[in-house]
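Just below is one structure, and these are the notes that go with it.
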């Protein structure tokens with residue numbers, strides 16, 4: 001049986017021959033067995049070990065063990081020290097998440113720096129099974145039950161089809177030494193409970209449970225793939241890129257079946273949680289807004305507009321009297337004295353320099369702002385002006401104002417204020433241009 | 001809490017007011033509670049009870065209990081006796097499957113006979129949870145994990161969102177009597193193990209496990225619905241109806257992503273089991289065939305042809321000398337003496353009656369059959385003739401031969417045999433017509 005296991009693995013590893021590999025080795029039985037199998041298969045690999053400093057002493061002993069293994073097999077050894085608890089605290093994530101982030105970030109760094117083609121990890125079928133139950137117990141979706149893929153981008157998990165016990169039997173039969181696996185404290189209780197109580201109970205009811213489970217997961221992955229295929233068909237029909245983010249076509253969304261499920265799939269990576277509210281947004285008043293931790297969804301007339309939250313800035317830029325040019329995020333300004341008004345377009349205004357109060361400022365619109373629109377009578381609230389122009393919320397937010405003191409000179413690239421306009425032909429004229 | 005439960009249920013049942021309902025009542029706590037709630041909500045319902053005769057005496061006591069309940073509430077009572085074990089044996093299914101079949105067949109019969117609009121059953125969240133684990137333990141797909149729908153066609157399960165314990169608390173608080181639930185012997189062990197050991201363990205790890213689980217299942221059902229939507233898009237592009245069954249477009253199947261998953265979804269209801277073989281059929285030699293218990297899949301040039309297995313018949317029909325007409329499954333035959341050959345088409349031949357050896361027979365093609373095709377030299381195997389015409393296997397199988405003794409007179413509606421042809425103008429002529 002151990003020979004069969006080795007041969008199976010050998011054929012699985014065959015396609016990795018002549019590729020430069022990075023092997024993630026914790027020192028546990030799984031990764032040590034994988035190391036020996038890669039060595040036996042004469043693969044070109046280096047070893048990477050993360051020291052998460054989560055257990056007094058034991059972590060350092062793990063590190064030494066893996067270092068000695070690398071020396072024994074005469075392969076390159078990379079090691080990195082992490083302050084996992086500090087990172088977890090800073091990022092506000094669990095220790096487990098922190099360790100995963102740190103681990104994969106470092107692996108990727110190593111990969112690019114040293115041109116490794118694949119990263120090999122020793123995940124096996126029981127890991128997948130335990131993750132299935134952890135997710136199920138917490139509540140999850142299809143993606144939480146369908147398991148990880150054996151090959152996903154540059155990460156390869158050759159042991160994924162094999163059980164922990166099969167790997168341990170092989171290790172013992174071949175006198176392979178390993179360090180007892182360390183599961184971090186947070187998930188230790190729940191993972192151990194699954195491993196030692198739940199799974200044995202399921203295996204009592206079906207001795208071939210793990211085998212059935214692998215088939216079940218492969219069915220689930222197939223379904224997941226079909227959902228992906230369907231969304232790839234829908235995506236270009238629903239979503240278009242706009243200047244400020246993405247537009248989702250409301251009419252199309254209403255036309256298709258299972259709209260809430262489609263909305264969930266399209267937006268699930270943007271941290272929304274109140275999915276009923278997201279769905280109800282389709283029929284809400286234009287202007288209604290929903291926030292996630294990172295994103296914002298605005299109901300406009302024909303679209304739901306998705307933008308990043310951090311795109312909304314409230315900076316104020318200054319332009320002094322000496323500036324002939326100013327390169328600002330919303331465009332490049334130029335200030336020129338001209339003899340007469342020759343060309344009129346959205347990108348320029350002509351003003352009376354005597355009225356300007358330097359330094360000028362460029363800022364976003366605020367509630368309560370008003371101006372005296374050129375070509376109209378009286379004063380007007382900026383918000384009403386936006387409403388007349390039927391601007392969407394992101395369009396409003398991305399409109400800048402050129403101000404002189406507290407007075408608005410120009411709703412930039414839209415409309416001048418008549419208080420600064422040229423009223424007599426003998427006046428000095430300054431042409432202000434903003435090219436977005 | 002009990003009041004809240006009743007109110008929740010009341011709002012759930014509201015839409016059933018003024019509909020004629022059939023309530024499936026076993027006598028267990030779930031169905032008895034549902035009965036009282038329907039009564040309190042003043043719904044128009046009758047009670048149906050199945051006596052499966054699976055336990056000595058106890059089944060009859062259940063029946064009496066439910067009958068008394070119906071009398072007490074003054075509603076119509078239907079009961080049916082089943083020989084479940086006998087049915088299970090005859091159909092080669094488990095007792096559980098047998099009971100389910102018998103139950104739903106009878107309910108549907110009652111529904112149509114008495115114009116019930118909905119059938120109500122008392123399935124609750126724990127039933128669904130237990131079924132999830134039974135399927136998971138055995139190995140399943142998304143459909144085995146996503147649970148049953150609260151409303152599915154005419155069947156409504158108003159208790160599906162509630163736990164067993166919540167229903168029991170309500171029953172006790174309201175002094176409702178019930179009969180202890182009976183789970184049939186086969187699944188008793190596994191269902192009890194799940195109920196009394198597995199689920200409590202999961203609830204220990206997450207006290208709100210059942211609640212999370214209901215959300216998980218609703219996510220799974222959403223994914224299932226999206227897969228269905230995707231398949232509805234693909235269906236008309238891949239599948240077309242043919243005279244003998246369904247044609248699946250091989251080129252289209254090869255063009256889309258995740259072909260094996262799509263093939264599985266399209267064909268899963270036709271009892272195939274060797275899915276790798278089904279997938280490999282796409283690239284097999286034309287003529288290659290796969291069988292399921294009920295269906296057959298044939299690789300033709302451009303299509304996989306799906307037909308029912310029982311469509312292939314090997315009957316032999318006789319036509320006597322006196323028959324002027326014969327209505328047979330493949331068409332209507334007529335035999336007429338004519339003066340001359342006037343009209344030639346696929347549906348008729350002209351033969352020399354002296355050569356015919358009555359009774360004529362009409363039968364399917366057999367291996368080794370040959371004939372002397374009219375208009376060609378020499379004799380030809382029927383199989384070679386079919387090959388030249390590039391007939392698919394179902395087309396071959398649905399071709400009939402008109403025979404005189406052992407000799408083929410006509411490959412019906414295709415080609416006459418020249419041995420029976422008119423060779424001299426003074427001969428008697430019989431026109432044989434077959435209108436399919």
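Glycine too: its Cβ is placed from the backbone N, Cα and C atoms.
Feature annotation from TrEMBL assigns ATP binding site to B:26, B:27, B:28, B:29, B:30, B:31.
The domain 'Lysidine-tRNA(Ile) synthetase C-terminal' annotation in TrEMBL covers B:360-432.
The Cβ neighbour count for residue B:28 (ATP binding site), using a 10 Å radius over every protein chain in view, is 18. Cβ neighbour density within 10 Å is lowest for B:26 among the binding-site residues B:26, B:31.
According to DSSP, the secondary structure content of the domain 'Lysidine-tRNA(Ile) synthetase C-terminal' (B:360-432) in residues is 15 helix, 27 strand, 31 coil. According to DSSP, residue B:31 (ATP binding site) sits within a helical segment.
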